[in-house]
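Since the structure comes first, as structure tokens, the remarks are kept for the end.
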Amino acid sequence: MKNIKKYHGVVVPMVTPLSNDLSIDLDAVTVLVNHLIDGGCHPFVLGTTGESSSVSFESKVALVKKTVEVAKGKATIYAGISGNCFQESLDQAKVYTDLGVDVLVAHVPYYYPLSQNHILNYFNQLASAVSLPLIVYNMPMTTNMSIDLEIVDTLSKHPNIVGYKESERGEERMAKAIGLWKYRENFSYLLGWAVKSYEGMLLGADGLVPSTGNLTPQLYNTIYESVLSGNNEAAQKAQEKSDAISKVYQENQIVTNAIPILKTMLAHYNLCKNEVLLPMIKVNTINEQEIQAKINELGKDLKGLNSIE
């Protein structure tokens, strides 16, 4: 039986629900966070899927406050503090800590090109300056920089760095990383490559971070729990269905198109509105109808969408 580490399970990078005036839709935050918790998952606010680089500080605080209000004591709450200004990341960390978040997550600053030594120094300084546990987040799709696994391994020895969230593609890299920390009780590997969730769990990943989990938290929890219990058939079925759902918004799309489509899918099931922040563009009515037709083929309601039956 796999040893379950402190930071584990399905951690959903939550979209940021917005009202028509683009303020935080607090009612939708409540609905969405409860949906994730009911599906056996943990909320991760202000990541890439949450449009974090476009959300104002005031709105970030409102989102985090409501998420904590709904989820505290029911799930582990993750909050992103990524940014180009070190002091702003520290300011966010302080506020989120005071509000009751459990774990902080950060990727590299992305304006200047950084050497691996810059990256090592940055995370060492950040981890030493915040009071909450920190997870290092590798997201070359948006930062245009990859963190060498040797650097992550060095960072894993920092007493306040508790895990690594991997969103870089590459099966060899995934297997190597999982192998590095599989038996480290105080350091978790969280896989942010949804189509490889089943494979990653078989290799020994500690958790999954799928954006499609906004819609189908229970499906990803099925993958996670089924692999742990040895029911690989159920895990494979859940992976196949989640892949079909992910395809609706991800196939042939850049991330700035994929997120508005995902929000449109969520709106179809009354989980939030499909409003987005610039530079993203809201899905138009014609495309919205096409998306709804595709998603209806996969599940008429959320229960059906989350089921492998």
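Glycine is no exception: its Cβ is also placed from the backbone N, Cα and C atoms.
TrEMBL does not curate its annotations; it predicts them automatically.
Database features (TrEMBL):
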- Y137: active site, proton donor/acceptor (ACT_SITE)
- K165: active site, schiff-base intermediate with substrate (ACT_SITE)
- T49, V209: pyruvate binding site (BINDING)
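Shown on the structure are the features that TrEMBL records.
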residue : record                                               : CB count, 10 Å
T49     : pyruvate binding site                                : 26
Y137    : active site, proton donor/acceptor                   : 28
K165    : active site, schiff-base intermediate with substrate : 26
V209    : pyruvate binding site                                : 30
When the Cα-Cα distance from Y137 (active site, proton donor/acceptor) is computed for each of the recorded positions T49, K165, V209, which gives the smallest value?
K165
How many Å separate the Cα atoms of V209 (pyruvate binding site) and K165 (active site, schiff-base intermediate with substrate)?
8
Measuring Cα to Cα, how many angstrom lie between T49 (pyruvate binding site) and K165 (active site, schiff-base intermediate with substrate)?
14
